[in-house]
Every structure is written in C-alpha cells, then in structure tokens.
Amino acid sequence: MTGRRLGLAAAVTALLVFSLFPVYWMVSSAVDPGANTRGAAVLPSGFTLDHFRYVLDTGDFTTYLANSALVGAGTVLLAGLLSLFAAVAVARFRFRMRTKVLLMILIVQMVPLEALVIPLFLQMSDLGMLNSLLGLTIVYLAFSLPFGIWTLRGFVAAVPQEIEEAAYLDGCGWWRMFRSVLLPLVAPGLVATSIFAFIVAWNEFIFAFTFMQNDSKYTAAVGLHRFFGQYSTDWGAVMAGSTLITVPVLIFFVLVQRRLAGGLAAGAIKG
Amino acid sequence: MATDRATGPTRPRPGREAGPDRPAPDPARRARRARRARALRPWLLLAPALTVLAVLLLWPLLRVVLLSFQDYGLRQIYTGETHWTGLDNYTTLLTDSALWTTVLPNTVVFAAVCVALTVITGTLVALLLQRLGRTWRIICSTVVMTAWAMPAVTGTYVWIWIFDPLGGIVSGGLDALGLIEPRETNWFTDRWSFYAIATLNVVHHGFPFVAITVFAGLLTIPRELPEAALMDGANAWQRFWKITVPTIRPVFTVVTILSTIWDFKVFAQIYLMPGGSGSNPDIFNLGVWSYHQSFVKNEYGMGSAIAVLLTVLLLAITVVYLRALFKERDDL
C-alpha cells in the first residue's frame, strides 16, 4: 500500500515538474536581475521589474500588445457571430449537402498554414492589405471558423428541440426565438469558441511575421523576435516579453479548463 | 454576449416567412412559400461563414496549386505576367536529393516520434489522473493546462533559453558537473540534438490535449467492466489492453490523428530556433523549406510546389482520419 502511494507521489511530482518547469523558468528569469549569467541556479538571484520596464518602455512592447489585443478582439467578435449562425444552420436544419458542408469545413481545417501563406501574401499584397491589422484579423477569422462551427454545433444540438417549440407556441418568430432562447443556452459554447479564436489570433506567428513589415504594426508574438540579437540575446528581456504574452492565455485556459475538457470529450466521443 | 446585435454584412433577415401576404392566400401556395423560406434559411445562416472560408482558404489553396506549375518570382510579381512551366518545379523538387535525405525524414520521422511520445505521455498522465483523489486531480489537471496554454512562440523561446549554450540551465548544470565544455557545445547546430530539443518542445505542448481527452474518455467506461476483469484475475496491464483500449478506441484514434496532423505542420517551433530560419539547411522540414524558398529566395513557384507536397501528405492523413471517424459512427 505504501509502495503504491510512493509510486503515485513520484509520478505526480514528475508530472508537476515537467509541466511547470518552462513556465517557472520563464517567469523567474524575467525577474532575475542577472538573468543572462544565471546558469543552473534554480532560484533567481534577486527580484527586479527592470526587464519588464525595458520591454514596455524602450522596446515598444506596449504597442505590440495593443495590436495583438485589437486583432484578437476583432477575431473573437466576428468568429463568434459567424460560427454561431453556421452552427445553427448545420445543427437545426436538415438540408441537402449538409454533410458535405460539414465535411468541407472539417477538411479545410487540415490545410497547413505554410501552404496558405504564399497565396494569401500575394492576394493581400494585390489588395494593398499587407501591413494592415484588419487584413490579419480577417485571416485569423478564417482559421478560427472551422473549430468554432464544429464546437458550437454540439452546443446547439444539445438544446432540446422542445424548448424551441415552446417558444414558437408562445408566439415567438424564429429570430426572437434565436435571440431569447437559443443564444443564452449556447452562451457557454460561445465563450469556448471566443477563447479559442482569441488564442489563435494572439499566438499566431507566420502570418503576422510575413504580413507586417512595419514595426508599429507588429503583434506581440512577432515583436518578441526583435529582442533577439545577432550574436547575443538579452534573455531577461525576451523572458519578460514572453511572460507578458503567456499570462493572458494562461488565465483564459485555467478559467475554461473544465468546460474545455468536457467539450473536447463530447466532440471526441459523441460527435 | 451581445453578438446578436452586431450587424454583419450578410446578416440573415429575420422573419422572412412573416412578410406581407397576398389578400386571399391560397393555402397550398402559402405552404410552398413557407417551405421555400425554410429551405433557404440554413443557407442564409451559412453564407457569411462559407464566404470567408471560400475566399481565404479554398481559393488560396487553389492558387497555391496553380502557382506550383509556374515560375513565379519577383519579376512576375512586378509585371503581373504568368509564366507557366508545367511540371518543372515538381521535377526539380522530386529529383532533389535534399528532399529525400534531409527534408522528408526531418518531417516524417520527427512527426512520428512526436506523436508516439505525445500519445504515450498523455495516456500515462490520464491513467494517473484517474487514480488520484479529487483535490490532487484538480491540481494536476490545472497544472497540465499551463503546459498546454503556453503559446508555441514563447514556449520555443523558453526551450531555447533552457538549452542556451552559454547561460542556459542545462549547459550550466552539465558544466558544473564537469561533463561538458560550454563554449564548445552548441546543441542547435547538430541535426539530431536540434530535433531532440524540438521534440521536447512539441511533446510538452501536445501531451495535455491527449491527457485531458483520454481522461474524459476513461470516465465513460462503465465501472463494472474493470471490476469484473479484476475478479477474473486480470492484472493492470491486461486490464488496460483488454478493456480500456478497446472501449475508448475512438478517442485514441482521434487524438493520434489530430496529433499527427499538428506535428506534420510544425513551423514556428523550428523556424524560431537558432539556425532554424534557413542558415542551416540540414534542419529544414517541409514547412520551413517552402517558406524559405518563397520568402527568402523569392521562388514562389518552387515554394508552392513544396507546400503542395506537404498538403497532399496531410490530405492523405485526413482521409485516414475521416475513414476512422466514420467507421465509429454512422451519421454526423
């Protein structure tokens, strides 16, 4: 019995260390005054916010974070709206080609971004939308739609048809039913979709890196690249920037983790 | 959330069937109209999403195929002319020994190793979560989430810093033990150690999805099954292979294939590592090679051909994925 408990304790410890170590190393290097010469010191040599001050003030990171937040918010709004409409269509209506549409949405999701970056770069450059945050938002919208539609489809299908019918009996039109009955019931799914869309936009690298040619338009993920020197890197600054990018995502994940797990399981098992 | 009030460009029109009726509506015609409105409504709802997907995913996909049959460089960008070269790009690509000795192995072997390690680690973590009490289960699953939440870009930077030859913890620790000479050791220049670090990065980022999904699957297994097996004297190993795996096979299928697709198209994790952006051709994978051909060498046609090759590989995996999915359930 004690042997089993010890085994469990060892496994839990290994899991915690493996999962948390990079996060710990990032945050502790970001506040370490002597980050560059830290070596194998497990604890930082002190506590300072200088690295954060440096990236935010001198490094223009405030602009990058604002750009990322703007693109993220735009993506969330558009993706939530468009995928909810599409999800209602595929979950509530039986129409010809319904399965084909669903499959197409699933398949386009598999297309590698590296294959799209070339034609989209040329397309955006023809339209004069390189270097534009709006252009980037529209691209991210396309990337978050397939997941959004598939996730919301499950949530919409889970709302019993009888509730809708009751609303119709009470004299609601379809639009009114959609707004007052369906929307509140699928709100949790909408939250999950929004967070996914936000994270897609916040984390994306290739497109932001390729499209944005002007410093002032960089998103945070791309702006971080600037702190890399040709020969030496200021690791304190890079880790401070990384912390600023990671923290919002981390908070989102922990907030929705239970719902996320449930949604994924439902998608994997029941479809 | 007030998204319903936002006015999208193609917002579906509410209450179509409630429009002004003719003075003496013929019931049959009215029914037909209602039916037509009903048939139209799903398409109105789908229109905005499908338009975005068509313009930003399908058309570019078609265009990358067209580009792969062209010689498309800076000249073509500026003049706008089209120079078809037929299968030239593909001939060059498929007869390039770098493809067979470096790029394809880097892509395929790396993905295979990452998927195997990700699924094994994730399953072990799921089994561990199942054995824990409530409190520790919540603690562990929250901590696992932090590994998942770490964005690929910052995660990659942290792993680079951990393995930094001069100030990183690994070389510092090994130096303190007298095992290496830090100034003479750079793990990022050698193909194998470069990909070992990339594997660690990808597995660390990928195992939480497997763990959480498999754990949710484990919860659906009826309690009686393992208990009955225990009565019959099956040990843990037998119970896992004879009961757990067959019962939640669909879950394993999904996580394996999704991980395969993700690991095939790893880009930022390679590109951002030292030497990964093109200065070291030994470590190109298909994605980075395509990007390098296009945006550094300005050979967009050739880059497109490589991208098409990657897409075809992924499409083949997707077909397997859909087959597996449909075998498990009949309708969508």
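Don't overthink the numbers, they just go from 1 along the chain as shown.
Keep in mind that glycine also has a Cβ here, set from the backbone N, Cα and C atoms.
TrEMBL does not curate its annotations; it predicts them automatically.
Per TrEMBL, these features apply:
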- B:1-10: compositional bias 'Low complexity' (COMPBIAS)
- B:14-29: compositional bias 'Basic and acidic residues' (COMPBIAS)
- B:104-321: domain 'ABC transmembrane type-1' (DOMAIN)
- B:1-31: region 'Disordered' (REGION)
- B:39-62: transmembrane segment (TRANSMEM)
- B:108-129: transmembrane segment (TRANSMEM)
- B:136-162: transmembrane segment (TRANSMEM)
- B:192-219: transmembrane segment (TRANSMEM)
- B:240-262: transmembrane segment (TRANSMEM)
- B:300-322: transmembrane segment (TRANSMEM)
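Annotation: stretch B:192-219 has the most Cβ pairs under 8 Å to the transmembrane segment (B:108-129), among B:39-62, B:136-162, B:192-219, B:240-262. Contact between the transmembrane segment (B:240-262) and the transmembrane segment (B:136-162) is absent: fewer than three CB pairs lie under 8 Å, with pairs separated by 6 or more positions in sequence. Long-range contacts of the transmembrane segment (B:136-162) within its own chain (CB-CB distance under 8 A, at least 6 residues past either end) are made by residues 125, 128-129, 168-170, 188, 197, 200-201, 204-205, 207-209, 211-212, 215, 268-269, 272-274.
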